[in-house]
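Student: Quick one: the structure is below, and I'll ask about it shortly.
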Amino acid sequence: SKLAALFEHPLYTIPVPEVTEKDKLFIINPMEKFSLHSSGSDEWVSSSKAETLLPTGKTAYDTYPTWLKFHIGINRYELYPRQDPLLPILLRDLATQRIVSSVQKSGGTQLKLIMMFPNYGQALFKPMKQTRDQETPIDFFYFSDFERHNAEIAAFHLDRIMGFRRIPPVSGRLVNVTKEIRDITTDKKLAKTFFISPAGNVCFYGVCSYYCSTEHALCGKPDQLEGSMAALLPDKTLAKRHSWRSPWRRSYHKSKKAEWELNPNYCAQVRQTPPYDRGHRLLDLIDMTILDFLMGNMDRHHYETFEKFGNDTFLLHLDNGRGFGTHSRDELSILAPLQQCCSIKKSTYLRLQLLATQPYRLSDVLREALAADPLAPVLAEPHLWALDRRLGKVLVVVGHCLAR
């Protein structure tokens, strides 16, 4: 296994700093007993009222559901540990746990559902809108393309292979539109959008600002529908997150350019602006840039961090559905932060060099990781080949920076 060998390589066994109590997202008493609110809501409180957490009704940590252990394990340095025994169990839960509730997630331009499991775990479901081999048309703007369910799955595995671990776990899943959405939803607006297509398939389109109409309906075959299931992060009432506008955000205008596209010295300006004027925030943003370039994701307008950890923590790489839309073109403008700042973490650079070598070739290790997903093959082969080509281009950019 190339993947197992990669994760055993010295570049992937560098220990994170010691995690103290203040570095944990949640501080819990492992013997604390939790119970469900008597109001019947989905919020859990501890029996002593000393601690509010999402929880289980049992007394010991070992009896907590996997999703809760995932939440409790989040710390200042990583979303989940590198060698995490919980990860395969959590991915299996996302793919197989019985769905007891499906409601539409509010906001956003495209339809997404929040699904709940019997153990009160929740997942974000993004349904399949395009086939694996449909490329984004060359005349489409980056903000008008469909989100791709398989991009969410592949992004999670790629992020882990890069050594970042900043994307919540995602698994593919085949969902029964009738039994697991229509028949159990309590969302009246969503329920009204179901219909049977002329081909006899069960379809729905939901309510949203952009792609929610009968022309953009999601249809099962006749009621089986592929989608990505992403583990949800802790509720924002329990763990507040700060949303940051990316300095290299695109204009989201059909003819206007952003400042970074016009000013070759833009990075000097960013370096003087908090939080990029100290610590490793700029380097973390460049990590995210490289991940986006490899996926071809031009739609990174914001990123998030957990408020509790202030500015000294990792960036959450959320919402990756616009990655892997094209394999025949490489969008070099995504690399603008790396090109303009000429800065990269040494550990990231060394891992990129490693992933360009035959024993650990990026396309091979990602193909192996994706082979275990229920919806395999997750990516069409040309997307995997494009990763190796793009990795080579990142190394060329870093080479130019070193020469300068």
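Easy rule for this one: first residue shown is 1, then count along the chain.
Using the three backbone atoms N, Cα and C, a Cβ is placed for every residue, glycine included.
Because TrEMBL annotations are produced automatically, they should be read as predictions rather than curated entries.
Per TrEMBL, the feature active site maps to Asp299. The annotation ATP binding site is assigned in TrEMBL to Gln110, Lys126, Glu147, Ala230, Ala231, Leu232, Leu233, Glu304, Asp319. The Mn(2+) binding site annotation in TrEMBL covers Glu147, Asp319. The feature domain 'FAM20 C-terminal' is assigned by TrEMBL to 194-403.
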Student: In terms of Cα spacing, which of the binding-site residues Gln110, Ala231, Leu233 are within 10 angstroms of the residue listed as 'active site'?
Tutor: none
Student: Just how many other Cβ atoms lie inside 10 Å of the Cβ on Glu147 (ATP binding site)?
Tutor: 24
Student: Let me spell it out: for each of the recorded positions (Asp299, Asp319), count the other Cβ atoms within 10 Å of that residue's Cβ, using every protein chain shown. Which one has the most?
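Tutor: Ranked by Cβ atoms within 10 Å, first place goes to Asp319.
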Student: How many other Cβ atoms sit within 10 Å of the Cβ of Leu233 (ATP binding site)?
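Tutor: Neighbour count, Cβ to Cβ under the 10 Å cut-off: 21.
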Student: Using a 10 Å radius around each Cβ and counting other Cβ atoms from all shown chains, which of the binding-site residues Gln110, Ala231 yields the largest count?
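Tutor: Neighbour-count leader: Ala231.
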Student: Mean pLDDT for the domain 'FAM20 C-terminal' (194-403), as a whole number?
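Tutor: Computed over the domain 'FAM20 C-terminal' (194-403), the mean pLDDT is 95 on the 0 to 100 scale.
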Student: Quick one: largest C-alpha distance among Gln110, Lys126, Glu147, Ala230, Ala231, Leu232, Leu233, Glu304, Asp319, binding ATP per the record, in angstrom?
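Tutor: Per the listed residues, the maximum Cα distance equals 20 Å.
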